[in-house]
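Reading through the structure tokens given below for one structure.
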């Protein structure tokens, strides 16, 4: 019953909600980002970060420091926090927390399959995988030749198994099919997550519906823009769009037939929430679209913390941390390559 | 005991007033404690989690727990007062209107204080949980949210006042 969660939520979720709100207070602020953007070397970055909550994770790193090390250690912190929350959680919160990581699992699967296709070493690929999306038997992915084998050998035991029913074909795996597989899996995952949140009901359903709908719409726009000029047919493109969200179904119809960015813009400007995003970009510019979408996402994620007694705060916190790690990676790369003028191109401030 | 008619209203007035009085006393303490416990667990779980990152909030936020506990104490006080109102009457007078009135008055007192304290405990508990989480982020918010809690705990006090007025006029018929 929406509105009465306050009476029973704290039985199982009160402690973890308080913990996640404590973690949120440790996110880097605009002042921290300003300090980091003015660093000259990676050592300076490490020094500034050691005053924040990342201190214990970075202090034992020997110099010379690499950007990948910084990102890896920061991701490690996120993984530790996630695992602590997961082991304290009961149903249905534990299922909810696991759902948050399936996106990373999909990315890892695609990474290993693509890498194997280009004949890279499995160990090297495993090191590049995101730690939140690891599962046992992930290394066996390198053996599969086509999708049926992929499913039968490895994926049938993972939580991703139900998402495969739509994309098993007998074709061999090549770059195009792998991208289609990734997007089909992600579509099934988003729809499943959406249904799960609706089943939970109450404030969780309302807040997560909004966040997931934005995610679905953003992916639809990205799929459209990335497939302009490729051999992806209109029907195939339409099949990759999720069946919920603000753009469903009329926006999807129009996006499926768009042939260039201006047509995409014309479609999106009919929807008030997205019109404000697209109005920031002048005609013909698509590089800043990513940053505009990230800013909108961060705004919505911060709003999830305004309400108490729902699970959306966990999802919002994980996403905000990932955004912070993206920011740190961008800043580190700019500093390492001496391109500090471009630092503000892609950093999204959270507070 | 043989009665002349068998309608529901006759059945009701032939339930002993002591039954009603005792149930009233049970509800006054039982449901008040339920409200207090409910409020304390809602506050306590948030307080423990928030205190991990911000240990300074623990001592101040015990006030929320104390407000919830006060609700249980109101229930105990009213129960003790109500049980002093129970007197024995000779069996010829058990079903007199005076007796019934006294029994019903004690029953109503118990319900009033019990349910008022139930919702008061719940209210103070939920506010206490939000108070702990806000205090952990920004310590200037604590006193302001405490004012809301004080208004919330006044609800239990209203229940106690009305129930004591109600029970004050519960007089059993005199012997003889």
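Cβ from N, Cα, C; glycine included.
What you are looking at is a predicted structure, and each value in this text was computed from that prediction instead of being measured.
Taken verbatim from TrEMBL:
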- B:23-82: domain 'V-ATPase proteolipid subunit C-like' (DOMAIN)
- B:107-166: domain 'V-ATPase proteolipid subunit C-like' (DOMAIN)
- B:20-41: transmembrane segment (TRANSMEM)
- B:62-82: transmembrane segment (TRANSMEM)
- B:102-129: transmembrane segment (TRANSMEM)
- B:141-166: transmembrane segment (TRANSMEM)
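Residues in the domain 'V-ATPase proteolipid subunit C-like' (B:23-82) partition by DSSP class (helix H, G, I; strand E, B; coil) as 57 helix, 0 strand, 3 coil. Remark: secondary structure over the domain 'V-ATPase proteolipid subunit C-like' (B:107-166) totals 57 helix, 0 strand, 3 coil, with classes taken from DSSP.
With a cut-off of 8 Å between Cβ atoms, the residues of this chain six or more beyond the transmembrane segment (B:20-41) that come close are 65, 67-69, 71-72, 74-76, 78-79, 82-83, 85-86, 102-104, 106-111, 113-115, 117-126, 128, 163.
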